[in-house]
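Everything on this sheet refers to the single structure shown next.
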Amino acid sequence: GALGDRNGDCACDRPSPRGYWGGGMTGRSAFADPHIAEGRLANQDARLGTLEEEVDKLQHKYDDFIAGKTARRERFAQLKDRVWGLEAHHCDDDHLSCKDVAFTCIGHNLVCDGHKDCLNGHDEDEETCSIAASVGSSFEGQIRQLDTCTKRKPSAFRFIITNVDVPKYFPQEPHVKATILMTSSKDGHETQSSLAVDGVYDFTHRKVILYSPDKDNLIFECTFPRHDNNHCKGVMKHSGGDVCLTFTLERID
């Protein structure tokens, strides 16, 4: 027949095409020609480079989106807290608000004790029971108002958290150790002093409380806003509660 004889041999009028690798009728691969091969490799390399750039751009867009999403969520939480604070359903200073529809308040000593006393669990959730100033945290502030509290009259005040211990028998009041560094100026000369102090952390008010080892019985408190672990309002007061100095501190670690 036209396609073959009885022995299976091809009786085609045309030879079978060769050169499946781009060599045409010669049967040679295109890569056998160094000039063609180099050109194609260079073209592939350029395409891969373009793809890598596109992937990098997409990664940057994704990172920016995630960062923006986190910032928006924190901003929303801050606004929510501000609105809550303006409404007339506050708990007194010795209680924590459960922030529920019933406006429930629970005692300060029940916050972060390992048992849920708020029906919504707000007193034991991660946000409430996280310590804003962990070990190694360092905060510094400038004192620009008249200091009627201290003997040293510092112009700069820094505290560094050196240890936090959460007692098993009373976890709602972690013990804190810190170092206080003060810079003072007198007669044009700067002096620095340091104090090792003990204190506690107050979950209800997000507050570090440090007690002076001196005989002046001063108490230093630094209160963190909700959703902000980088700034705190510093207050120096006498053991009787009278405030004699206020200033703002910022995280520097």
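Glycine residues also receive a Cβ, built from the backbone N, Cα and C atoms like all the rest.
The list of residues near the domain 'LDL-receptor class A' (89-131) in space but at least 6 beyond its ends in sequence, with Cβ under 8 angstroms from a Cβ of it, reads 164, 170-172, 174, 201-205. What Swiss-Prot lists as domain 'LDL-receptor class A' is 89-131.
Sequence annotations record features per position, and here Swiss-Prot assigns disulfide bond to C91-C105 (among others) based on sequence analysis. The secondary structure of C91 (disulfide bond), as reduced to three states from DSSP, is coil rather than helix or strand.
Within 10 Å of the C-beta atom of C118 (disulfide bond) sit 21 other C-beta atoms, taking all shown protein chains into account. Annotated disulfide bond per Swiss-Prot: C98-C118 (among others), in sequence order, evidence recorded as sequence analysis.
Among the features that Swiss-Prot reports, disulfide bond is placed at C112-C129 (among others). According to its DSSP assignment, C112 (disulfide bond) is coil.
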Whole-number Å distance separating the Cα atoms of C118 (disulfide bond) and C105 (disulfide bond) is 8
C112 (disulfide bond) to C91 (disulfide bond), Cα to Cα, whole Å, comes out at 17
Whole-number Å only: compute the distance from the Cα of C129 (disulfide bond) to the Cα of C105 (disulfide bond). 16
Counting across all protein chains present, how many other Cβ atoms fall within 10 Å of the Cβ of C91 (disulfide bond)? 17
